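What Swiss-Prot annotates here:
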MOD_RES   Ala2  N-acetylalanine
REPEAT    34-66  repeat 'Sel1-like 1'
REPEAT    68-104  repeat 'Sel1-like 2'
REPEAT    108-146  repeat 'Sel1-like 3'
REPEAT    147-183  repeat 'Sel1-like 4'
REPEAT    184-219  repeat 'Sel1-like 5'
Amino acid sequence: MAGMVDFQDEEQVKSFLENMEVECNYHCYHEKDPDGCYRLVDYLEGIRKNFDEAAKVLKFNCEENQHSDSCYKLGAYYVTGKGGLTQDLKAAARCFLMACEKPGKKSIAACHNVGLLAHDGQVNEDGQPDLGKARDYYTRACDGGYTSSCFNLSAMFLQGAPGFPKDMDLACKYSMKACDLGHIWACANASRMYKLGDGVDKDEAKAEVLKNRAQQLHKEQQKGVQPLTFG
């Protein structure tokens, strides 16, 4: 069939991959297509395993084109020092913030990471956690259905901190949302709150339902990590 590549033929595969690289470069740098640049990154990572070059394309596509998913991936590169970049959490935070503010497949995860870095505090000027900023970005991510953000919010309101008072109503609200999204410990925490009447009306029946959900999620998680067996 005309145009089909025989992937058993080494020469055809080599030619196909070379053409793909040329095409990706053309779309990125000649047609100024941000999605084309991101496809070039996929090619460099997945086919060439050239992470240094991928980092350069990501920097270009994030800084020049404000491409959300490129900013997210560049942030991840900065977190680990991948692609020849110097490990830099502040640079990572800036990248995640750009990704959070622009629509993209990774926008919600980027908002969570902004919250996470603000919560950790290393990227802040005083080196201390910025709980207000963490709350704001966790909330954005949680509203987008990001489970870990909902759980982190529940923990923040459950524990409280100087300048960040406890709020058991909100702790319960976010525990329930994280539980609905499948977070085991959120279900367990919500169950305990209802069992003890800790900040909410005591409801042992609801506590039991939540405990059972936590146990079911735990069983499902255990099934997911069972080793393969051959009989």
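Any Cβ shown, glycine's included, is placed from N, Cα and C.
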Beyond the flanks of the repeat 'Sel1-like 3' (108-146) by at least 6 residues, Cβ under 8 Å: 68, 71-72, 75, 89-90, 92-93, 96-100, 152-153, 156, 161, 163-164, 174, 177-178, 181
Average pLDDT across the repeat 'Sel1-like 1' (34-66), rounded to a whole number: 96
Long-range Cβ neighbours of the repeat 'Sel1-like 4' (147-183) (under 8 Å; 6 or more residues past either end): 111-112, 115-116, 119, 129, 131-132, 134-135, 137-141, 189-190, 193, 198-200, 210, 213-214, 217
Distal contacts, the repeat 'Sel1-like 5' (184-219) - CB-CB under 8 A, six or more residues away: 150-151, 154, 158, 168-169, 171-172, 174-178
Summary of DSSP states over the repeat 'Sel1-like 5' (184-219), given as helix, strand and coil counts: 29 helix, 0 strand, 7 coil
